[in-house]
């Protein structure tokens, strides 16, 4: 018997995802046509012996989250429950707080997945490795180049046994080119060391600032507190993957993750990819079109385009490397490149909405998406263009490398600006 835990965080996280996270919780943002965490749930549901999936976070159980959970339970025929933290408890604190629910039924092991990662989720391979050599902690790792490794948790392993000898979260100097993917397989006994850390922090009064509202509530961070302390003690091991993987921290990384998942659909869900049909729009590359969307036959879509529910795409529209969300309208002959068009937004005819991609170096197989700051030297860096929900773009204007907050009605062109 197996279980899975998906750590979805809370509204105090995901600030780099704004303005998209204003409308829906970040874990429910559509990536390649389905909510971000549905990719996680699909992967977990395919593991033989999976009995229950638990979501742990600090979001209020509002209507979108409740509706998603009900639909997911029906689709995957698995119990899927949301466990709300009383305060933000960190990646390890939530596991310890809900340890009784996780261990109920006596699971052999349980997966722990961070919600803000994109991956092909090699969970069965991790389970095989765990059963071959059972250990308390098994981490999924991948490789990064020397420069980018500093932005992740770095793992020094024993090449023969794959034991984690040393772990450093976001080191200041190069430690290792093996990085933590944020996907784990834990044995039930892992909750004992979490309890020791919890008690130690309680006794020492070492509480995170986020827990001050609840005196006595301990925050435990798996990466900084647990992995760093237990590395080299024969408890933590790493399973390396060369499959797809990326963090989803910013809106730009969501667009890149959508591209990765759309490419995966060729193997996993070919039925989700649009096909070129007589009288239909021209499809180039991997494109997802929701069944309720209305797309004019003269539109040209792709590659790497995701069109959401109820979207209207007019005659002569050109769409490339973009996400168009629920209820948006692209009027005749608009051009949308490297952009995200928000819920219910309208782009006027002959308008152009364009961004600048910040993709990994295609010549470096170990390169990953950078989650850089929006600004450098007081100037907005060129990035993808984001239209918040219910934005109105007039006809014949250019919106380039800009972020438009929700409910704005523009009257002219903008370049390299945040429109509040």
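Placed from the backbone N, Cα and C atoms, the Cβ positions cover glycine too.
If you check Swiss-Prot, you get these features:
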- 2-251: region 'Substrate-binding domain' (REGION)
- 85, 247: GDP-alpha-D-mannose binding site (BINDING)
- 273-420: region 'Hexapeptide repeat domain' (REGION)
- 356-384: region 'C-loop' (REGION)
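Residues within less than 8 Å, Cβ to Cβ, of residue 85 (GDP-alpha-D-mannose binding site) and separated from it by at least 6 positions along the same chain comprise 10, 56, 57, 58, 93, 94, 97. According to DSSP, residue 85 (GDP-alpha-D-mannose binding site) sits in a coil region rather than a helix or strand. Predicted-model confidence for the region 'C-loop' (356-384) is 69, expressed as mean pLDDT. Helix, strand and coil residue tallies for the region 'Hexapeptide repeat domain' (273-420), in that order: 0 helix, 53 strand, 95 coil [DSSP].
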